[in-house]
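Asks: The structure is given below, and queries will be raised subsequently.
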């Protein structure tokens, strides 16, 4: 189990309450995950911290939605987080949620394909297949790696992506779900 300081747990509990409150008016998370919120959403996001060696980085979270994993990682100590979300209603929520963190959070209300930004690490959760992710981020420069929370079809996604892209990857077991995996991707290059 992960050791999480009390101050961070308190902030994550405030974030949890905010998500539940806003979820009544805009669909941030599935209603059937509310009963298991801490494990399904908070811990699922928080587990990425074990693959972030240096917290003094710029992390970009695409398709941020309810702020998983971006807001959680900021609360846990990542110095600068940019959240990219096309839905204005979700961006308004993310703006409110960003106040919980002591760190720098930037909300970008645009389609991912239009965003030009540099970062050390790129994350996403419940967004899309690998090929779609890689195609969407053509204007985003990822210096270090991708940390992608994936489900049971992760191997098929890797095989399909390898037809169009060269990349190195590690597969880590999720601590929250037997079928869940964390793909750590680096050295991404499109095959011409």
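Just so it is clear, glycine is given a Cβ too, placed from its N, Cα and C backbone atoms.
Grabbed the feature section from Swiss-Prot, which reads as follows:
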- 63, 68, 112, 113, 125: S-adenosyl-L-methionine binding site (BINDING)
Asks: Give the three-state DSSP assignment (helix, strand or coil) for residue 63 (S-adenosyl-L-methionine binding site).
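Replies: Once the DSSP labels are grouped into three classes, residue 63 (S-adenosyl-L-methionine binding site) ends up as coil.
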Asks: Given the binding-site residues 63, 112, 113, which one has the fewest other C-beta atoms within 10 angstroms of its C-beta?
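Replies: Each of the binding-site residues 63, 112, 113 was scored by Cβ atoms within 10 Å; lowest is 113.
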Asks: Please state how far apart, in Å and to a whole number, the two most distant Cα atoms are among 63, 68, 112, 113, 125, the recorded S-adenosyl-L-methionine-binding residues.
Replies: 20
Asks: Do any residues at least six apart in sequence from residue 125 (S-adenosyl-L-methionine binding site), in the same chain, have a Cβ closer than 8 Å to its Cβ, and if so which, in order?
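Replies: Once residues fewer than 6 apart are set aside, residue 125 (S-adenosyl-L-methionine binding site) is near 44, 45, 63, 68, 69, 148, 149.
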Asks: Would you count the other C-beta atoms found within 10 angstroms of the C-beta of residue 68 (S-adenosyl-L-methionine binding site) for me?
Replies: 25
Asks: According to DSSP, collapsed to three classes, what secondary structure does residue 68 (S-adenosyl-L-methionine binding site) have?
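Replies: Where residue 68 (S-adenosyl-L-methionine binding site) sits, the three-state DSSP reduction gives coil.
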